[in-house]
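Participant: Per Swiss-Prot, the feature Mg(2+) 1 binding site maps to 90, 112, 114. The feature Mg(2+) 2 binding site is assigned by Swiss-Prot to 112, 115, 278. Residues or ranges marked as substrate binding site in Swiss-Prot: 115, 116, 117, 118, 206.
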């Protein structure tokens, strides 16, 4: 307790007793890594942490100095405790085996060490995203152990490094936010049982890619942009930060819908965001807060990955808007949204008046 308030350590211990303390101990190690990363991000240019390296990750993205430093921080904080069978990261081509000198556990930790790292040089909020799975037995993990649907996650969370550092966590019993008290060094429960409003009038998408979107996404965004004069009959606000953690955090606090949909900009990629360590943990957090998360055609947490760095379309946030966009995808796929062309009466649209939908 901190001045009568619940600390992260107390919270995870109380909520992970069934794991004999192993899951709680792992989460406390993750929190320690988050504190280290928070200090790194805060020092920024003072410590020479800004700028890029002469290396790329498995996605072909140029690595920032902070990408590598934060990745190493998580490995060092979490590899030694005996809870893990292995780790995987956006910044590593292959799964990371636990060093031989440390005991093995039955958990798998997958993470994006610094989401939105391109924003670090311009002092915009960035974050860390993580997901935890459980194996049936302790020992060294194999690649197949990681290729499981997000519905099998036992915990997921993110840290956001902004005006304050927060860690948002779910153990499958709701979504909860903890704020770092820098005086005591403790994470304190400040946002218990976060709930995402079912309706929203705010959407986040990179509109520079509009020409590459599929028709259902173009339809949805067009309706939102039309505002009161359009079929929705209401005005919408648009947001885009280019940091998934910052976007999702805003949605958890005040509602909204975040879209990084499938597009044709690079036909070889079914989506932009990585399924295992970006889409899955965020989907679990959003669903546990009463929201929804979809690829447009499937619940994100039901997608079975076939590779470690698989990408997926992501649409998540306020439930009614996510379901509307999923319906638009279904109507597009079945042809229900195609206009009817009459030889006598020109063209009639089969779109319903969405102001009454």
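Keep in mind that glycine also has a Cβ here, set from the backbone N, Cα and C atoms.
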Participant: Check the DSSP secondary structure of residue 115 (Mg(2+) 2 binding site), expressed as helix, strand or coil.
Facilitator: strand
Participant: Please list residues from the chain of residue 206 (substrate binding site) whose Cβ is under 8 angstroms from its Cβ, counting only those at least six apart in sequence.
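Facilitator: Counting only residues 6 or more apart in sequence, the Cβ neighbours of residue 206 (substrate binding site) under 8 Å are 240, 242, 260.
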Participant: In the same chain, which residues outside the set 90, 112, 114 have their CB within 8 A of the centroid of the CB atoms that define the Mg(2+) 1 site?
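Facilitator: Going along the sequence, the neighbours come out as 67, 70, 71, 89, 91, 111, 113, 115, 117, 128, 129, 277, 278.
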Participant: Does residue 118 (substrate binding site) have same-chain partners at least 6 apart in sequence with Cβ under 8 Å from its own Cβ, and which are they?
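Facilitator: Counting only residues 6 or more apart in sequence, the Cβ neighbours of residue 118 (substrate binding site) under 8 Å are 64, 242.
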Participant: When a 10 Å sphere is centred on the Cβ of residue 90 (Mg(2+) 1 binding site), how many other Cβ atoms does it contain?
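Facilitator: Its Cβ has 25 other Cβ atoms within 10 Å.
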Participant: Within 10 Å of the Cβ of residue 112 (Mg(2+) 1 binding site), how many other Cβ atoms are there?
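Facilitator: Residue 112 (Mg(2+) 1 binding site) is surrounded by 28 other Cβ atoms within 10 Å.
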Participant: CA-CA, which of the binding-site residues 90, 112, 114, 116, 117 lies nearest residue 278 (Mg(2+) 2 binding site)?
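Facilitator: Given the candidates 90, 112, 114, 116, 117, the nearest one is 112.
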Participant: Cβ within 8 Å of the Mg(2+) 2 site's Cβ centroid: which residues qualify beyond 112, 115, 278?
Facilitator: 90, 111, 116, 127, 128, 129, 158, 244, 245, 273, 274, 277
Participant: Could you find out if DSSP has residue 90 (Mg(2+) 1 binding site) as helix, strand or coil?
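Facilitator: It is coil.
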Participant: Enter the number of other CB atoms within 10 angstroms of the CB of residue 115 (Mg(2+) 2 binding site).
Facilitator: 28
